[in-house]
Amino acid sequence: MDPHAPQRQRSGQRLRALALAALACALSPAHAAIDAQQLGARYDAAQANLAFRVYSSRATRVEVFLYKNPTGSQEVARLALSKDPATQVWSLSLPTSTIKNTYGITGAVYYGYRAWGPNWPYDAAWTKGSATGFVSDVDNAGNRFNPNKLLLDPYAREISQDPNTATCADGTIYATGAAHRNKDSGLCASKGIALAADATSVGSKPTRALKDEVIYEVHVRGLTRNDDSVPAAERGTYKGAARKAAALAALGVTAVEFLPVQETQNDQNDVDPNSTAGDNYWGYMTLNYFAPDRRYAYDKSAGGPTREWKAMVKAFHDAGIKVYIDVVYNHTGEGGPWSGTDGLSVYNLLSFRGLDNPAYYSLSSDYKYPWDNTGVGGNYNTRHPIAQNLIVDSLAYWRDALGVDGFRFDLASVLGNSCQHGCFNFDKNDSGNALNRIVAELPPRPAAGGAGADLIAEPWAIGGNSYQVGGFPAGWAEWNGLYRDALRKKQNKLGVETVTPGTLATRFAGSNDLYGDDGRKPWHSINFVVAHDGFTLNDLYAYNDKQNNQPWPYGPSDGGEDHNLSWNQGGIVAEQRKAARTGLALLMLSAGVPMITGGDEALRTQFGNNNTYNLDSAANWLYWSRSALEADHETYTKRLIAFRKAHPALRPANFYSASDTNGNVMEQLRWFKPDGAQADSAYFNGADNHALAWRIDGSEFGDSASAIYVAYNGWSGAVDFKLPWPGTGKQWYRVTDTATWNEGPNAVALPGSETLIGGENTVYGMQARSLLLLIAK
């Protein structure tokens with residue numbers, strides 16, 4: 001398990017340790033084309049008919065309930081669906097004239113399903129809130145049908161509201177078990193909304209190669225919730241986020257990666273805006289994989305979130321910025337067994353579980369319990385063809401209809417599971433797993449750019465063989481946790497953790513050991529120092545330990561990683577800022593794709609809280625006012641990004657060569673010891689060596705700089721570096737030095753204003769724990 005894997009603690013759920021023998025699982029049948037079953041509620045082209053289609057192989061009866069209003073009123077129609085035994089799809093088509101004239105629905109059509117099955121057979125005498133027909137909460141086949149629970153359509157394009165809101169605060173109505181199974185959830189349950197086709201433009205998608213991206217990870221609500229430049233009513237919304245496209249483009253960001261925006265349980269955050277009770281800010285508990293989260297919309301009318309999302313995407317596209325979204329297909333918002341129960345009977349039935357539990361969830365070998373590699377209730381059954389259909393269909397919808405350019409997959413190792421029930425086994429060579437199906441049906445963007453999706457994995461989960469940094473199949477980029485750890489250890493744990501120069505060199509050059517053995521490239525390494533789950537960049541260098549038990553608004557937060565590889569630089573604030581500059585510079589000068597977290601450009605702090613999943617507050621909202629020091633760091637970040645974008649030698653399509661490939665007597669990449677000699681294997685492997693430099697031949701990449709030189713002093717004292725040959729007739733010029741004496745608005749020199757340092761054999765003295773960047777000209 002990755003020592004920095006997300007620690008997500010949720011009330012009402014628990015991690016159930018299952019130690020069952022591995023069970024061989026049959027391969028899935030051949031999968032269908034994208035959206036082949038046309039599931040969901042869909043109007044025909046003339047909007048004369050509305051068809052409802054839902055999958056369940058185990059249900060014995062399915063009914064659709066139609067509503068005029070999202071909550072607080074009874075259904076206006078209850079209609080049985082018919083099953084196609086060949087596809088296991090239940091369907092019903094209604095003329096829109098009937099919906100209007102017979103059922104009196106003149107506005108949006110809200111709907112939900114109720115399902116019966118072997119553990120609760122249909123009985124015509126059943127009424128809402130009754131036990132008529134009940135046999136058991138779960139049977140030996142894993143069925144958990146309960147007609148008292150109105151179920152959200154897994155393919156709904158929008159949903160009415162979350163299950164729990166200010167007016168529907170009783171979460172027990174969704175539960176099974178003796179105390180709750182007869183409670184009817186219809187008045188409060190989330191309902192699907194039938195939407196007609198929408199023509200809102202998403203603009204022209206950028207087609208840049210992944211290697212050229214600079215990724216900015218941010219929460220769509222947190223981006224503007226605290227921004228006075230955005231109209232008050234638009235703060236924290238898609239519409240508000242659209243207003244920041246120009247600012248992010250000016251920073252140099254090329255791709256914005258939003259934390260989950262698929263509908264999640266977060267309406268409860270508004271019940272008590274100054275409390276963490278029941279709050280879910282990050283959004284990693286997905287209720288529906290097609291619907292943009294309604295809470296983030298300024299326009300909350302039916303269809304409003306979809307239109308507003310698309311308009312926001314267009315704003316980013318118009319600014320040349322790709323839009324990525326963080327997706328959570330390893331588990332769902334239904335969670336697992338209720339805390340404090342026997343783990344068998346009491347579960348939430350919101351959608352998937354009540355329609356076809358064994359199809360949508362990986363279960364224990366006796367089908368009674370969830371199999372959990374996620375820590376939040378149980379694995380989504382990513383090896384089942386129907387569950388895979390939903391993954392691929394929803395991804396295609398976000399890509400094609402909603403304009404998304406790429407996806408970051410949370411705990412993506414679960415999508416490499418090669419079995420369904422009673423076991424977990426990551427197998428990248430299993431052609432039928434979800435990872436390989438996604439690549440086959442949603443082709444990744446070509447290496448040189450063009451049409452396609454950028455696919456990024458968080459390559460770990462919990463337990464088993466789920467830690468897979470470097471282990472994903474072709475087509476997948478990965479969050480490189482080993483890059484993060486190497487930098488943190490070297491910067492913050494000198495004398496405690498061993499990181500050799502060879503390890504650093506491998507990470508700085510694109511991690512050939514991880515991605516070069518299977519045909520992948522340096523740009524399949526998504527490099528990062530911090531992410532949303534953990535310390536901010538500022539806090540990584542300002543705190544020795546997490547500070548999660550703070551009063552509102554910066555806490556309290558449970559969980560959180562204890563092994564952070566952080567250090568407060570001896571409490572010296574100037575050294576903390578220097579460390580942040582150095583870490584950011586190493587990130588921007590490494591081969592691979594850099595990712596920063598929203599606010600790190602201005603030294604945003606969470607005051608040491610490293611698990612702010614439950615804080616819908618100023619702890620997570622970006623602040624846009626700047627002190628002089630914050631403004632300096634933002635300028636520093638902006639200029640570093642600009643330098644990276646201006647120099648293709650830093651963004652190689654292939655791993656660097658140690659040879660001279662263009663005949664100018666300079667190797668494409670050469671590593672140096674501080675004394676100017678070439679670093680050899682003995683130096684690379686020396687645990688007591690803490691300084692390293694490298695030179696890239698820019699001419700081999702068509703770079704405007706004939707050579708680029710980077711020196712990193714990871715030692716606790718000053719070190720002199722002897723500069724190498726800059727090329728015939730060239731001298732070295734300083735772009736930046738992260739030393740404390742160079743802090744300020746011009747810490748990174750603008751093109752043409754670099755400082756002359758000298759030629760070959762010039763000696764340059766470097767402060768402890770600092771970085772030097774030179775170009776030859």
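Each residue, glycine too, has its Cβ placed from N, Cα and C.
What Swiss-Prot lists as signal peptide is 1-32.
Taken from Swiss-Prot, the feature Ca(2+) binding site applies to Asp162, Glu263, Thr264, Asn266, Asp293, supported by similarity to another entry. Within 10 Å of the C-beta of Thr264 (Ca(2+) binding site) we count 24 further C-beta atoms, all protein chains included.
For Asp410, the entry in Swiss-Prot reads active site, nucleophile. DSSP assigns Asp410 (active site, nucleophile) to coil, not to a helix or a strand. Around Asp410 (active site, nucleophile), taking its Cβ as the centre, 25 other Cβ atoms fall within 10 Å, counting all chains.
Annotation source Swiss-Prot lists disulfide bond at Cys419-Cys423, citing similarity to another entry. Under the three-state DSSP scheme, Cys419 (disulfide bond) falls in the coil class.
When Cβ atoms from all protein chains are considered, those within 10 Å of Glu458 (active site, proton donor) total 24, not counting its own. Following the DSSP three-state reduction, the secondary structure of Glu458 (active site, proton donor) is coil. Feature annotation from Swiss-Prot assigns active site, proton donor to Glu458; the stated evidence is similarity to another entry.
Per Swiss-Prot, the feature site 'Transition state stabilizer' maps to Asp533. Here the Cβ of Asp533 (site 'Transition state stabilizer') has 23 other Cβ atoms within 10 Å, regardless of which shown protein chain they belong to.
Checking each of the recorded positions (Glu263, Asn266, Asp410, Cys423) against Glu458 (active site, proton donor), the C-alpha distance stays within 10 Å for Asp410.
Listed in sequence order, the residues Gln262, Gln265, Asp267, Asn280, Gly283, Leu287, Arg294, Arg295, Gly333 complete the 8 Å Cβ shell around the Ca(2+) site centroid, once Asp162, Glu263, Thr264, Asn266, Asp293 themselves are left out.
Set side by side, the binding-site residues Asp162, Glu263 differ in how many other CB atoms lie within 10 angstroms of their CB, and the most is found at Glu263. Spatial neighbours are here defined as Cα atoms within 10 angstroms of one another, and by that definition Asp533 (site 'Transition state stabilizer') has no neighbours among the recorded positions Asp162, Thr264, Asn266, Asp293, Cys419. For Asp410 (active site, nucleophile), the nearest neighbour among the listed recorded positions (Asp162, Thr264, Asp293, Cys423), judged by C-alpha distance, is Thr264. Comparing Asp293 (Ca(2+) binding site) with Cys419 (disulfide bond), their Cα atoms are 31 Å apart once rounded. In this structure the alpha carbons, written CA, of Thr264 (Ca(2+) binding site) and Cys419 (disulfide bond) are 27 Å apart.
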